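Enquirer: Submitted below is the structure of interest, expressed as structure tokens.
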Amino acid sequence: MSVVATATTVETGHAHPSVNRPNLTSVGTIIWLSSELMFFAALFAMYFTLRSVTGPDFWSEKADALNIPFSATNTTILVLSSLTCQLGVFAAERGDVKKLRMWFIVTFVMGAIFIGGQVFEYTELVKHEGISLSSDPYGSAFYLTTGFHGLHVTGGLIAFLLVLGRTYAARRFTHEQATAAIVVSYYWHFVDVVWIGLFATIYLIK
């Protein structure tokens, strides 16, 4: 979504307030996401440092244990959830609270499926491959990078619940609720993009 200042309309009864972007909330969110980007950059740096220290052969051998088709499917679900999230934002900008709820619920379910897939993958790696957080440098790098991302996705799921809860608790859909939906979408798109980078780095580059 573009962060260039544009005006959108949210219909709330007879009033027609506009959501002007960027506003202080949106700008603050973008600044915060910039700091999060630095955090993930540090995780990427750690990953490549451990890989260079242990050697490519060791890393490639460990990476062979990953179930790439399963992870690719899980990744596709997360990426598609970015589309459903954006459809929810478009509904919020139109003041269509029913469509906002529908698309945000779909997004929440897809995000929850992604997290469930990660938990399943962790279980399989620990049980059948012996790869754990403390097993070796590869395990440490794998679980730290994907685990911290999973925590961020979980945070996004909580944010969706809060936005949805406000739409049910309030008597009418307001400017503030539309802004909240937009801000949550910024965060969700961010974690999706970060995961694409992680997936390419961890699962595809050997």
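Placed from the backbone N, Cα and C atoms, the Cβ positions cover glycine too.
Quick caveat, the model's predicted, so the values are computed rather than measured.
Okay, so Swiss-Prot annotates it like this:
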- 30-50: transmembrane segment (TRANSMEM)
- 72-92: transmembrane segment (TRANSMEM)
- 102-122: transmembrane segment (TRANSMEM)
- 144-164: transmembrane segment (TRANSMEM)
- 182-202: transmembrane segment (TRANSMEM)
Enquirer: Counting only residues 6 or more past its boundaries, what in the same chain has a CB within less than 8 Å of a CB in the transmembrane segment (30-50)?
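Expert: Distal contacts: 3, 22, 137-138, 140-141, 144-145, 148-149, 152, 186-187, 190, 194, 197, 201-202.
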Enquirer: Sort out the residues at least 6 away from either end of the transmembrane segment (102-122), same chain, that have Cβ-Cβ distances under 8 Å to it, and list them.
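Expert: That would be 67, 70-71, 73-74, 77-78, 80-81, 84-85, 87-88, 91, 143, 146, 150, 153-154, 156-157, 160-161, 163-164, 181, 188.
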Enquirer: Six or more residues beyond either end and a Cβ under 8 Å away: which residues meet both conditions relative to the transmembrane segment (182-202)?
Expert: 1, 19, 21, 25-26, 29-30, 33, 36-37, 40, 44, 47, 63, 66, 71-72, 75, 78-79, 81-82, 85-86, 88-89, 92-93, 107, 111, 142, 145-146, 149, 152-153, 155-156, 159-160, 163
